[in-house]
Amino acid sequence: MWDHLKVTDSEVHDLLIGELKRQEYGLELIASENFASVAVMEAMGSILTNKYAEGYPAKRYYGGCEWVDKIEDLARERAKQLFKVKYANVQPHSGSQANMAAYLSIAEPGDVLMGMSLSHGGHLTHGASVNFSGKLFKVIQYGVNPETEMINYDEVRSMALQYKPKIIVAGGSAYSRIIDFKKFREIADEAGAYLVVDMAHFAGLVAAGLYPNPAEYAHIVTSTTHKTLRGPRGGLILTNDAEIYKAVNKTVFPGTQGGPLMHVIAAKAVCFKEAMSSGFVEYQKQVIANAKTLANELSSMGLRIVSGGTDTHLMLVDLTPLNVTGKAAEKALEKCGVTVNKNTIPNETRSPFVASGIRIGTPAVTTRGMREKEMKKIAELIFEVLKNVLDEEGNIPPHIQANVQMAVKKLCEEFPLYVDKIII
């Protein structure tokens, strides 16, 4: 593998080797990242990247689409089966583009969109002012209860009835608790709004039956196909409404995209098949068990877990008790081979570029085969680094850094990722 690349472009080849080593010998704890199977990557790197296929199966604007039509049909059917829905569009290039298409299929620019505040656990595309969603729509943002740090459904209802949004968005990128979609739908119906659920972060948990299926209540469900779903980087739109499905299709193409990425759609089909296996269900159970163990261990060491714990694959850690910023923590951990991301916390006092917390997720380390025992070790390593941060650049004493680096590498070597699967 990569032999042709090595000959043609040794610079890119060498950079790929560097990234392979980072993934192989580092602890990946970014909640939105995971490791795709070799089968998924083979589909991604296939000859399908050569094929243009504007339009939809049996209704293309290019010839020669016999085989890609079958591939897209297969991906759509598998998505429908996996998430128990009537309709699926597998063409969105990303979760953000899936959200854009979803919004524009049921609303017009200038309409009111209500979503969760980014600093409370939402996502850029849920109405952040710097994002298209905040520029195209009039945005109302809800948050979490300041005491429980969980969604305040009474506040959501009150705001929805007051502002009468066209769209209510549920879902988030840093919210660790199970969301009550039934309650959201009741609020949406009362306010005369469409309910869009962005399940990008927890789609794998939904597929495994370990998280409520939002398709039972939402007018539209959007998702990415990576993260907990463990597929290629891409987007997905689901619905049970025939008219909405027609509008979604028109909004994806030609509304917001041109040709679909057929190599990515093939990889999506592979990942949907993988997600229908019994092994995938066991994997997702372990993802949650690992997250709960890691959160409990960090809490026992004196760190504060936002909302007091997690129901899912991720947790938000408040670093205020250690007087360390998220920025410094991210840098310090990365120096030791542990990757997380700085993250704002509810009622944040710092800028998003500094932040008071870090977001941690367990999908990637669980993919490697790690379990509760390893989570306890990882918690020890994280705490050892965080309690020794010296400055805002994330510097820590050299001997601490060396010891943690060695421990991280040793742990990763016990759970090999790609070295035994990819021939370099």
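These residue numbers are counts, starting from 1, taken along the chain as shown.
In case you wondered, yes, glycine gets a Cβ from its N, Cα and C as well.
Here's what Swiss-Prot has on this protein:
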BINDING   L118, G122, H123, L124, S351, P352, F353  (6S)-5,6,7,8-tetrahydrofolate binding site
SITE      H226  site 'Plays an important role in substrate specificity'
MOD_RES   K227  N6-(pyridoxal phosphate)lysine
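Positions of the features from Swiss-Prot, shown on the structure.
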{"residue": "L118", "record": "(6S)-5,6,7,8-tetrahydrofolate binding site", "contacts (Cβ under 8 Å, 6+ apart)": "L124, H126, A128, T344, P352"}
{"residue": "G122", "record": "(6S)-5,6,7,8-tetrahydrofolate binding site", "contacts (Cβ under 8 Å, 6+ apart)": "G115, M116, A128, Q141, V169, G171, G172, S173, A174, Y175"}
{"residue": "H123", "record": "(6S)-5,6,7,8-tetrahydrofolate binding site", "contacts (Cβ under 8 Å, 6+ apart)": "G115, M116, G171, G172, S173, D198, A200"}
{"residue": "H226", "record": "site 'Plays an important role in substrate specificity'", "contacts (Cβ under 8 Å, 6+ apart)": "S32, E33, N34, A36, P232, R233, G234"}
{"residue": "K227", "record": "N6-(pyridoxal phosphate)lysine", "contacts (Cβ under 8 Å, 6+ apart)": "A31, S32, E33, N34, A200, H201, A203, G204, P363"}
{"residue": "S351", "record": "(6S)-5,6,7,8-tetrahydrofolate binding site", "contacts (Cβ under 8 Å, 6+ apart)": "none"}
{"residue": "F353", "record": "(6S)-5,6,7,8-tetrahydrofolate binding site", "contacts (Cβ under 8 Å, 6+ apart)": "K327, K342"}
Cβ contacts within 10 Å for L124 ((6S)-5,6,7,8-tetrahydrofolate binding site), all chains included, total 17
What whole-number value in Å do you get for the largest C-alpha pair distance within L118, G122, H123, L124, S351, P352, F353, the residues recorded as binding (6S)-5,6,7,8-tetrahydrofolate? 16
Cβ neighbour count (within 10 Å, all chains shown) around P352 ((6S)-5,6,7,8-tetrahydrofolate binding site): 15
